[in-house]
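Notes follow once the structure below has been shown.
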């Protein structure tokens with residue numbers, strides 16, 4: 001036995017499974033301004049004390065492993081470990097509690113959402129001592145926020161680029177989402193833009209399939225944009241989906257969009273991945289492209305109430321990674337969305353500073369300092385009769401994204417777009433005149449119908 005090993009054996013430690021609470025449960029800890037704070041909804045296995053599971057979450061998502069190891073002595077665990085500093089019951093749930101965990105900033109790579117999520121949620125969700133685990137919210141400290149570029153441009157710069165103020169923007173997803181040829185697809189884009197929409201959109205799963213290769217789609221959509229701009233005198237755009245199987249192909253598509261001179265591209269940020277998304281966001285800022293973000297796959301992560309991750313966390317991550325728009329639910333329409341909770345993460349996307357407000361699901365005060373805001377997109381299952389509610393709920397800094405609510409008009413695509421635009425302008429005008437959109441919305445739309453298809 002070497003002298004070094006002999007010395008260690010003489011002053012060694014007891015091997016075996018550790019009790020995490022001896023190290024990672026620290027209710028006396030006072031959080032620092034530089035800590036990343038997390039709120040986890042924990043559903044433990046029966047008979048397991050909350051403290052034991054709370055500290056296990058802190059351990060498994062930071063420096064902990066199931067036993068003491070020799071190399072623990074080569075670093076400072078007190079400096080690097082996560083700490084479960086508070087536990088509270090979930091009202092109305094006997095077997096659940098919220099565990100608050102603080103992580104030292106040195107655990108995370110600067111400017112990397114990928115690394116942040118790998119650390120905080122990458123492993124602990126499979127922990128067998130837990131029946132379920134959900135990340136409800138994160139507090140991102142200013143020191144970490146400042147390491148991110150964030151959205152390529154932000155709300156005000158986008159409005160200046162488009163020269164459109166004082167109202168929500170209007171969009172439409174081209175349908176059917178799959179099966180159209182590039183030429184027919186471009187025709188639908190033109191008809192919608194010519195009818196009065198600001199944007200049209202590739203559906204999230206339109207990439208480069210045999211029936212419509214990406215380059216052909218980009219060319220026909222660019223033609224539709226320029227033709228509609230010439231005829232309306234307004235700046236138009238189409239969300240050209242740059243999502244691809246490799247980052248190299250994604251960037252090739254973004255470069256071609258820039259060469260065509262179009263104003264905006266699109267990315268599926270969850271299926272594409274945060275590293276790809278941040279790369280694309282940096283390119284978009286450097287090259288004057290707006291970036292529309294689709295959240296395809298989000299419900300796999302956020303729909304279950306007890307397990308996964310709340311969308312407000314994904315929304316914060318997107319603001320850090322970069323995107324000028326993101327789909328954010330509707331409150332009305334065909335997708336789920338509670339009004340107060342939805343408006344909570346809408347404010348997290350748009351505002352510079354958001355106070356803690358548990359009634360809206362906001363567990364921590366969040367200061368975004370100089371990080372630009374993201375425009376929330378209301379989409380899926382909406383139509384002109386929803387316009388008063390959408391205008392009231394989302395306000396001006398939003399995109400109201402129709403699909404069947406435009407293309408389903410019995411007279412065709414262009415009349416559907418006209419109906420959308422007339423309804424929006426009627427609601428904005430009524431709101432500015434002091435009318436109550438919630439009470440008078442139906443009447444306002446019926447009045448507008450007299451002057452619209």
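Here the Cβ of each residue, glycine as well, is placed from N, Cα and C on the backbone.
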Which of 86, 325, 327 shares the substrate site with 123, 173, 177, 295, 379 per Swiss-Prot?
-> 327
Which binding-site residues sit within 10 Å of residue 201 (N6-carboxylysine) - Cα, from 123, 173, 295, 327, 379 | 173
Round to the nearest Å and give the CA-to-CA distance linking residue 173 (substrate binding site) with residue 203 (Mg(2+) binding site).
-> 6
Binding-site residues compared (123, 173, 379) - the one with the fewest other Cβ atoms within 10 Å | 123
Spacing of the two Cα atoms, residue 204 (Mg(2+) binding site) and residue 294 (active site, proton acceptor), in whole angstrom, works out to 7
Binding-site residues compared (203, 204) - highest count of Cβ atoms within 10 Å | 204
Using Cα coordinates, what distance in whole Å links residue 295 (substrate binding site) and residue 203 (Mg(2+) binding site)?
-> 11
